[in-house]
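As recorded in TrEMBL, the features of this protein are as follows:
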DOMAIN    41-105  domain 'Ig-like'
DOMAIN    226-324  domain 'Fibronectin type-III'
DOMAIN    428-521  domain 'Fibronectin type-III'
SIGNAL    1-27  signal peptide
TRANSMEM  526-545  transmembrane segment
Amino acid sequence: MARCGARTSFLLQLSLLLLLCPWGTLGCASVVVGSPIVPLGSAVTASCTVQSELCHTLEQAKVQISWMLDNEPVVGSQHHGLGGTGVSNLTLPHFNQTQAKLWCCVEWNGTKQRVGMAEIRAGYPPAKPFNLSCVLNLTDYGLTCQWEEGASSHLPTSIALKCARSREQAVTGCSPAGGRSHCTVPRRLLQLYRHMEIWVAATNALGTAESEHLYIDPMDVAKLDPPALQTIQSIPFQTDCVALAWEVSQSNAHMELQCELRYRAPEDPAWALVTGIVGRAGTTQCCGFLFGTQYHFQMRCRRSAAQGYWSEWSLGRNYTTHEKGGACWQMEQDGAATTALIQGKPRGPCPPVWLLRVHHTPSLLPLDPLLGYSIGQSPKPLPSLPSVADGIEPFQQYNISLYPLYKDTIGVPIHTAAYSKQKAPSCAPKLHLRSISKSSAELCWDPVPVEMQNGFIISYTIFWANSTTEVSSASVNPSLSSFVIRELKPSTLYKVHIMASTAGGSTNGTSLTLVTTVLDDIEVQFLFLTLGLIFVLLMLLLICFHKNGRVKQQFWPNVPDPANSSLGKWLPAE
């Protein structure tokens, strides 16, 4: 009996192996689903076909097909086809799982054997990515973009950053790795200083979603490397002003930059910010510092076009201002007289005595007497310098210096230029024509000498007119010595003059006559080139006609002489 039981058990195990082998029952069943990926909550259809003649252990038995969703039984319908084929159909009206395995089973020896399987996934179309932003790295000129993904779709989703250059097809700029939400577009796919279209595309089996499209010039989103503060020093040595020198990194050296400086003392709760620092590299001056105080300085820059991102703040640099204060006061010109005004509450120890010295600008010779005032520590303005006094003449420029007087020495002064009274300049600059075209003219002039200014030049005004139009004008900054008049008419005579102005009046210069050209230089060159080409073509045609008999025959064929024809020699019989 023991042998019989052992033999029966061995036969059951052998039959089970046959079911699980490729040539057993697993090889005789197939499961087909309507779609392996469906929207979450939608219906799923499937069918299982079992061919009995291919199932060695089921050939003599009636096939009973059942279904299991993961480990839960589900009910389907069954019918028999030709040749002992068993077919079962299944409909799941609402598939609410994100992932499951659907098993087709057959009844054998009182147990269910899994003979076929299909994996089903469910989810949603991809959500729209949002908050797309990009930064251009000037070290390798790669464009790094980042974004935020929407809600999970529960399905495998591919993310790609798309980019399109002007008039070109879109390409995949980069694809994030490891489920990240950022990637970098290489330089070879970018076009700098021209606008590109950039967006994020999320794709799965149920659809595609795109973020909002960015239309940017990559250089407009460049993030610069931070500048480096080189030196900090007082100017002059005993004032509350400092000069800072900085330089930019090599990647930013060719750009015009707009920079900001911030500083604070250890006890300050917030940073003081200095804006409007323009240039590639150089120096800048800041005032208003406490004496004998340590400050921490940092700087950052961006492109001067006011676009793109600020660089990170530079490495900090500490500097301690000088102990003695020589800049408690600021000199200001009020037009009629010069007044030394206090800049604010004195910071640090201000000396009790100040000395005032006046120099004539052209000669730089000091005038006597040397004026001194005792002002103490209370903030108040120094007296006006009336038009200060013997030797002070109107309409003459003077340099005024204010010296702090200490116990044992005179400190470093502050300076300003001043007039006791101003009037119109003695003369205006003489205009010179630097270049002219059919629609513009560039003018230049020499500044009015200081001894003939009679005051501070506040502006130059250029006037021009032709014989038919009203007079036009333009105001020019006094620091400039050239100006371009635009939108002139071709081949037209214009009268031009310049006016120099001070707070006391204005003076006109002599008139300059100019005539605009008919054509620009490029147009003249093009005209001569065209005429030259026409002349060359005509010469070539004449040579061809002269040398080539066939061409001559086409244009000037030989016409027979009627007198030499046979008719011409024929005479009637009578």
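Placed from the backbone N, Cα and C atoms, the Cβ positions cover glycine too.
Just so you know, TrEMBL annotations never went through curation; they're auto-generated.
Keep in mind the model is a prediction, meaning the values are calculated, not measured.
Secondary structure by DSSP for the domain 'Fibronectin type-III' (226-324): 3 helix, 48 strand, 48 coil. Mean pLDDT of the predicted structure over the domain 'Fibronectin type-III' (226-324): 84. Secondary structure of the domain 'Ig-like' (41-105) per DSSP, as helix, strand and coil residue counts: 6 helix, 35 strand, 24 coil.
According to DSSP, the secondary structure content of the domain 'Fibronectin type-III' (428-521) in residues is 4 helix, 43 strand, 47 coil.
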